[in-house]
Ligand SMILES: *Cc1c(COP(=O)(O)O)cnc(C)c1O
């Protein structure tokens with residue numbers, strides 16, 4: 001008999017009743033060190049007082065009005081995002097995949113209105129992840145996500161990650177309108193696009209008049225030590241997808257864009273019942289006030305250096321289990337020699353939560369507020385987990 005919850009997930013056999021900072025407390029009282037943060041969502045940890053206050057204050061006042069009226073918290077959050085980024089304008093969604101939907105629509109509409117209606121194709125890369133909506137799975141294009149769900153939304157050109165020749169050829173096509181890329185692939189196994197390649201993508205887009213779309217749903221909002229990951233490269237996109245960390249655990253996403261890229265999105269061309277609602281935007285404003293502070297980001301970078309250095313040591317002491325460390329900031333991946341899911345499971349036994357990714361990687365995406373002491377404890381627990389996996393390998 002089918003379970004009452006549609007069985008699309010393989011869940012670990014435990015549940016949590018409370019969260020405190022970097023800790024999740026299970027039903028039986030076990031305290032787990034949370035290096036998954038709800039898959040890069042709880043950027044400020046669990047039950048951050050400023051976020052709890054923002055949400056509960058707003059909940060007392062007003063939950064929902066619809067986008068038929070002005071929403072001051074939405075306006076304030078848009079102003080903040082515009083002030084801190086390349087963008088001139090923002091649309092609010094409730095999730096990453098909704099941001100993908102709009103990014104695709106926006107790019108196509110831009111060229112439609114510019115008198116180039118044949119430019120509808122979007123270049124994407126292997127290993128990418130853009131969510132589970134019809135546009136999201138068609139964009140990523142992997143068998144795992146698309147098989148059985150056809151006919152897929154047309155208009156995506158899938159290239160191998162790192163195949164420069166194929167990219168140069170595809171970008172010259174008169175039917176291509178945009179390039180969509182995660183500056184650091186998340187689900188694909190924490191694969192950063194090197195800065196010079198992001199610059200190359202910008203140059204290529206400019207040379208052919210294409211729009212450059214970054215999916216910063218996972219790597220954005222302070223995760224890599226800059227407010228947005230692409231800032232490390234010195235170039236900017238035309239459109240950017242945001243979600244996960246921006247809501248700190250409340251469902252909130254956004255599409256940011258330049259005025260030029262967004263030019264086709266006039267009144268009536270897009271909408272969302274809940275997108276940009278007072279509750280989500282109250283939390284988003286509180287998240288931005290904390291994370292956009294340069295002093296906060298400096299701390300993220302310091303702690304990222306500490307964690308990375310300790311992870312290099314962990315890899316060195318378990319050469320049969322781990323192959324190396326990769327990633328940026330507090331978006332780190334341990335490339336495994338043993339099976340990644342075995343290490344994640346062994347971590348559960350040591351009361352530490354990590355997240356598997358493709359390419360046999362385990363992801364470490366701790367709250368950006370993780371302390372030095374918690375980093376030390378995380379390494380001890382990962383060390384113990386690796387030892388049990390190594391024991392089984394022997
Ligand atoms: C998680 C993720 C998405 C999808 O976000 P949802 O909120 O699950 O729809 C899209 N792109 C990237 C890079 C992601 O990591």
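Placement of Cβ uses the backbone N, Cα and C atoms for every residue, glycine included.
The feature pyridoxal 5'-phosphate binding site is assigned by TrEMBL to 96, 97, 129, 215, 216, 217, 218, 273. Within its own chain, residue 97 (pyridoxal 5'-phosphate binding site) has 130, 131, 132, 133, 135, 136 as residues 6 or more apart in sequence whose C-beta sits under 8 angstroms from its own.
Every protein chain shown contributes to the tally, and the Cβ of residue 132 (N(2)-acetyl-L-ornithine binding site) ends up with 15 other Cβ atoms within 10 Å. In the three-state DSSP scheme, residue 132 (N(2)-acetyl-L-ornithine binding site) falls into the coil class. Annotated N(2)-acetyl-L-ornithine binding site per TrEMBL: 132, 272, in sequence order.
The Cβ of residue 244 (N6-(pyridoxal phosphate)lysine) lies under 8 Å from the Cβ of 39, 40, 41, 43, 96, 217, 218, 220, 221, 253, each of which sits 6+ residues away along the same chain. DSSP gives residue 244 (N6-(pyridoxal phosphate)lysine) a helix state. Per TrEMBL, N6-(pyridoxal phosphate)lysine is recorded for 244.
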Spatial neighbours, same chain, of residue 273 (pyridoxal 5'-phosphate binding site) - Cβ under 8 Å, 6+ residues apart:
66, 67
List, in residue order, those binding-site residues out of 216, 218, 273 with a Cβ under 6 Å from any atom belonging to ligand 1.
218
Measuring Cα to Cα, how many angstrom lie between residue 129 (pyridoxal 5'-phosphate binding site) and residue 272 (N(2)-acetyl-L-ornithine binding site)?
22
Below 8 Å Cβ to Cβ and six or more residues apart, same chain only. Which residues does that give for residue 272 (N(2)-acetyl-L-ornithine binding site)?
67, 91, 92, 93, 94, 98
